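Student: Sharing a structure here in structure tokens format.
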Amino acid sequence: MDIGKKHVIPKSQYRRKRREFFHNEDREENLNQHQDKQNIDNTTSKKADKQIHKDSIDKHERFKNSLSSHLEQRNRDVNENKAEESKSNQDSKSAYNRDHYLTDDVSKKQNSLDSVDQDTEKSKYYEQNSEATLSTKSTDKVESTEMRKLSSDKNKVGHEEQHVLSKPSEHDKETRIDSESSRTDSDSSMQTEKIKKDSSDGNKSSNLKSEVISDKSNTVPKLSESDDEVNNQKPLTLPEEQKLKRQQSQNEQTKTYTYGDSEQNDKSNHENDLSHHIPSISDDKDNVMRENHIVDDNPDNDINTPSLSKTDDDRKLDEKIHVEDKHKQNADSSETVGYQSQSTASHRSTEKRNISINDHDKLNGQKTNTKTSANNNQKKATSKLNKGRATNNNYSDILKKFWMMYWPKLVILMGIIILIVILNAIFNNVNKNDRMNDNNDADAQKYTTTMKNANNTVKSVVTVENETSKDSSLPKDKASQDEVGSGVVYKKSGDTLYIVTNAHVVGDKENQKITFSNNKSVVGKVLGKDKWSDLAVVKATSSDSSVKEIAIGDSNNLVLGEPILVVGNPLGVDFKGTVTEGIISGLNRNVPIDFDKDNKYDMLMKAFQIDASVNPGNSGGAVVNREGKLIGVVAAKISMPNVENMSFAIPVNEVQKIVKDLETKGKIDYPDVGVKMKNIASLNSFERQAVKLPGKVKNGVVVDQVDNNGLADQSGLKKGDVITELDGKLLEDDLRFRQIIFSHKDDLKSITAKIYRDGKEKEINIKLK
């Protein structure tokens with residue numbers, strides 16, 4: 001969000017600050033209004049009409065100005081902090097560089113001084129050893145003088161070291177001088193106490209200790225004065241001289257040892273300073289001063305302290321000095337000569353120990369430097385290697401972490417996947433085998449069911465013989481004697497059997513020979529027959545329990561392609577119980593039938609088509625579905641050259657309607673309208689002109705004759721009328737007219753007819769009763 005003056009902040013932060021600013025401003029304004037109201041109520045002044053508002057500047061402008069000023073102040077503070085941090089970093093770096101340079105310079109100088117001191121001390125040692133045999137006082141004084149000079153030189157070197165360490169940088173000069181002065185004061189105080197304790201030994205020893213204290217407290221320019229004082233001192237007694245020598249040697253050893261330790265500490269602290277960028281030379285010096293102070297507090301400590309390690313040469317030298325001391329003590333030498341030899345021997349041993357300690361410290365320092373540099377190089381190489389590995393192995397590390405976090409779940413998931421694959425393969429194989437077995441089982445079951453249904457149906461199908469009947473099972477078929485057909489037991493009541501068959505099978509004979517599947521025969525009686533439906537009912541009596549009543553199905557639910565079985569007796573008794581298999585080839589077929597064999601079709605039979613094998617003798621046989629239920633009765637087949645397996649069966653629902661009336665009445669009552677008709681398709685051109693038939697009319701019937709007082713006459717139908725539609729159905733010919741009229745045999749309701757009379761179209765209602 002741009003608020004001006006080159007300040008850009010996020011929109012959410014801008015809205016939050018604006019909301020807080022408005023809230024605070026409204027609260028302040030409400031408080032002011034409340035306070036002004038109290039003042040007005042108390043003073044009852046005329047200031048009640050005073051407008052209590054802030055300036056006319058818009059709230060948003062005030063908020064933007066306030067926010068921009070706040071951001072400017074914050075930026076200034078940030079810049080100042082950055083400047084101070086950069087300055088402090090530069091100062092620390094410069095101070096560190098100076099201290100580091102001074103530390104290196106001091107260490108180099110100290111190494112050179114140590115080497116020079118070792119050479120001088122060795123030469124002096126050999127000279128003093130050669131001069132130790134002398135027993136004169138002059139040589140003893142010379143040796144004592146040289147010893148004092150050596151101690152003064154050591155003190156000078158110590159003061160020079162302290163002086164060099166005290167001026168590493170101008171930045172820390174004042175603080176370091178203060179710390180040194182405080183430490184020297186503490187050292188001087190400790191030395192003063194020691195002097196007071198030893199005051200009983202004589203004025204010479206006290207004067208000498210005060211001079212030593214003054215040497216430690218004085219600065220570098222006063223070293224020459226201390227040397228003069230030492231040279232001008234009076235000779236000391238033997239106990240005082242031994243005590244002084246021992247104290248000086250201890251101080252020198254302590255300085256050398258602490259300096260070596262401080263050098264190692266400086267190196268270790270220098271490594272830490274590289275990571276923190278903070279100089280640490282002053283701290284190392286403080287540690288050195290503290291160690292010196294602690295050691296000086298115990299002047300009586302022996303040289304053989306646990307912190308100092310003696311070499312084999314030192315031990316041999318000590319033993320030699322001890323033997324010489326005993327020898328000199330037992331000798332009849334003077335007290336001065338014994339004193340000088342003993343002081344010389346102790347001085348030599350002290351120098352030897354100092355040399356060995358310095359060598360040991362230098363060796364430790366070199367080892368420490370080598371280890372430090374090696375560690376630094378190793379750290380650098382390790383850091384580079386780690387960076388390279390981190391860059392190259394970042395992805396592998398992520399994968400390892402992911403695996404370590406989720407490996408149980410991943411293992412379980414992999415196991416589940418493998419198990420699913422295995423089970424899938426197993427189940428696929430099993431399912432394949434099951435499907436094969438199911439197919440085989442289905443085929444076996446289908447075959448078993450077919451066989452079962454066939455066996456059950458055979459028990460319900462009988463042979464019907466009529467010697468006087470004529471063959472009329474097919475259109476234009478020649479008449480023959482000794483007709484044999486089939487029948488179906490559709491009902492059984494006790495020993496009474498009701499058999500349905502075709503009307504053309506029973507013919508004109510009332511009695512029929514009924515033969516069962518077990519070759520037993522009985523005589524049956526025809527209860528009724530209907531030539532228009534080609535159905536007849538025969539009643540027979542038999543106590544044979546093998547004869548079964550067939551189960552009735554529903555022909556309204558037939559499906560095209562549905563498998564069926566046909567059971568009958570083709571060609572007579574010799575082939576009784578023949579079973580053929582097929583499917584339903586067609587539904588709602590209108591098959592023309594010639595019952596009286598006059599080469600003229602008499603009726604349209606409503607049937608369904610099957611492709612099962614049907615032969616003479618199958619008429620009246622049973623058509624069952626795969627459940628073994630009766631769905632039709634075989635009625636006819638087309639017997640023409642080049643035509644095969646085209647047979648027809650009457651639906652069982654139509655059969656039930658007919659046999660019910662035949663069983664009770666013996667006949668079927670159809671409505672008769674009392675007319676005779678001709679088909680339009682058979683008219684010639686003169687006949688079409690006579691009835692004034694429009695040219696567009698191609699199908700229908702022409703009324704040729706109307707019976708007086710008949711249903712047609714009562715309905716107003718006249719000769720010459722052309723009927724093209726009946727009961728809402730297209731009328732093709734006179735067979736279709738009879739089929740539509742006979743379909744209303746049960747309700748006998750009036751039906752509508754569309755006719756042409758004198759070339760004009762009109763509708764009339766035809767009565768059926």
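From the backbone N, Cα and C atoms, a Cβ is placed for every residue, glycine too.
I grabbed these lines from Swiss-Prot:
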- 1-20: compositional bias 'Basic residues' (COMPBIAS)
- 1-390: region 'Disordered' (REGION)
- 21-64: compositional bias 'Basic and acidic residues' (COMPBIAS)
- 71-108: compositional bias 'Basic and acidic residues' (COMPBIAS)
- 126-137: compositional bias 'Polar residues' (COMPBIAS)
- 138-186: compositional bias 'Basic and acidic residues' (COMPBIAS)
- 247-262: compositional bias 'Polar residues' (COMPBIAS)
- 264-296: compositional bias 'Basic and acidic residues' (COMPBIAS)
- 310-330: compositional bias 'Basic and acidic residues' (COMPBIAS)
- 331-347: compositional bias 'Polar residues' (COMPBIAS)
- 348-364: compositional bias 'Basic and acidic residues' (COMPBIAS)
- 365-390: compositional bias 'Polar residues' (COMPBIAS)
- 410-430: transmembrane segment (TRANSMEM)
- H504: active site, charge relay system (ACT_SITE)
- D534: active site, charge relay system (ACT_SITE)
- S619: active site, charge relay system (ACT_SITE)
- 680-733: domain 'PDZ' (DOMAIN)
Student: So for H504 (active site, charge relay system), how many other CB atoms are inside 10 Å of its CB?
Tutor: 28
Student: What residues, ordered by sequence, lie under 8 A Cβ-to-Cβ from D534 (active site, charge relay system) and sit at least six positions away in the same chain?
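Tutor: Same-chain residues close to D534 (active site, charge relay system) (Cβ under 8 Å, separated by 6 or more) are N502, A503, H504, I593, F595, M605, A635, A636, I650.
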Student: Average pLDDT across the domain 'PDZ' (680-733)?
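Tutor: A mean pLDDT of 85 is what the predicted model shows over the domain 'PDZ' (680-733).
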Student: Just counting, how many other CB atoms are there within 10 A of the CB of S619 (active site, charge relay system)?
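Tutor: Taking every protein chain into account, the count is 32.
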Student: Looking only at the domain 'PDZ' (680-733), what are its DSSP counts of helix, strand and coil residues?
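Tutor: DSSP composition of the domain 'PDZ' (680-733): 14 helix, 13 strand, 27 coil.
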Student: In DSSP terms, helix, strand or coil for D534 (active site, charge relay system)?
Tutor: coil
